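This is the structure I want to talk about, given as structure tokens.
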Amino acid sequence: MMTQKPRTVICVGDIHGNISKLNKLWLNLQSDIQNSDFSSALVIFLGDYCDRGPETRKVIDFLISLPEKHPDQTHVFLAGNHDFAFAGFLGLLPRPSDGSEFKETWKEYSKSEEREGWYKGEGFENMHLQSRRWAGKIRVQFDYSAYGVLYNGSIYDAASTFESYGVPHGSSDLIKAVPESHKKFLTNMVWVHKEDDVCIETEEGLTHCKLIAVHAGLETKNNVEEQLKLLRDKDTSIPRIQPLTGRKTVWGIPQELDDKKTIVVSGHHGKLHIDGLRLIIDEGGGYTDTPLAAIVLPSKKIIRDTDNFSN
């Protein structure tokens with residue numbers, strides 16, 4: 001009796017406006033993966049398509065084109081924290097389901113408003129905290145050396161996103177400049193994606209697992225189902241959504257998933273980290289001298305834009 005070959009799953013790290021890296025990575029994936037496996041693959045983009053790099057607009061054009069170019073693939077586009085903030089600036093986030101206003105998200109962090117230079121232009125009254133931070137202008141430079149980042153301009157390094165659409169940083173003209181197809185893409189991004197049967201090579205051999213893909217990760221000490229519900233419901237009443245923005249709190253695998261054969265795959269952290277079933281695929285972090293990486297399952301092979309595959 002023939003066993004069915006496991007489906008190829010490709011998880012792509014944070015792109016951050018780097019269209020040239022994305023083009024090269026995609027070509028390398030096509031070159032390295034058997035054609036039949038590539039053409040039917042599940043491709044999960046782990047979020048953060050915008051900011052830092054110069055070509056956010058072209059990156060989103062590329063992503064939008066994939067379903068037509070590769071109709072037998074399945075494409076999943078996770079929202080990263082940068083994309084969340086971008087969408088909020090454009091007025092695309094769902095309203096808080098508890099009936100509160102977005103201004104309620106400002107209160108806990110109001111002492112940082114002047115220091116971080118939150119956006120105060122047209123429409124700010126109805127923006128989520130993260131969107132005001134995204135479009136603002138920092139009064140001073142912040143050295144987040146733990147993340148290898150020296151922020152200039154917006155705390156999100158968002159100036160390049162504005163400029164890719166032909167408008168200056170912090171301008172409300174961005175709302176009109178972003179095409180409707182891009183707004184639809186940003187609206188439809190999912191905050192979490194689950195698969196019930198994904199194969200991965202482990203010390204025990206080929207193992208069938210569940211998979212949860214979320215931009216930053218799941219809080220290791222909080223109830224998993226409550227977190228998944230928040231993400232499925234797109235709860236925008238929260239100022240900082242840890243599964244999209246967290247660092248140490250979402251680095252590992254939640255304790256309750258330890259013995260449940262569940263892969264948790266993320267980007268966000270500016271590192272490539274593979275520890276059992278915890279996969280963090282963000283080797284590049286959006287910076288010029290670092291690669292854009294993807295992981296291919298079940299083999300766990302890492303493919304980068306910098307790889308040179310001979311034909």
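Note: Cβ is positioned from N, Cα and C throughout, glycine not excepted.
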What does Swiss-Prot list, out of Asp32, Asp37, Asp48, as binding the same divalent metal cation 1 as Asp14, His16?
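For the divalent metal cation 1 site that includes Asp14, His16, Swiss-Prot also lists Asp48.
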Based on Swiss-Prot, name the residue from Asn81, Asn126, Asn308 that is recorded for the same divalent metal cation 2 site as Asp48, His215, His268.
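Among the candidates, Swiss-Prot records only Asn81 at this divalent metal cation 2 site.
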Just to verify a number: CA distance, Arg133 (substrate binding site) to His82 (active site, proton donor), in angstrom, no decimals.
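For Arg133 (substrate binding site) versus His82 (active site, proton donor), the Cα atoms are 10 Å apart.
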Which of the listed binding-site residues (Arg52, Arg133, His215, Arg247) has the least company, meaning the fewest other Cβ atoms within 10 Å of its Cβ?
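Checked Arg52, Arg133, His215, Arg247; of these binding-site residues, fewest Cβ neighbours within 10 Å: Arg247.
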When you measure from the Cβ of His16 (divalent metal cation 1 binding site), how many other Cβ atoms are you left with inside 10 Å?
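There are 29 of them.
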Any idea what the Cα distance is from Asp14 (divalent metal cation 1 binding site) over to His268 (divalent metal cation 2 binding site), rounded to a whole Å?
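A Cα-Cα distance of 7 Å.
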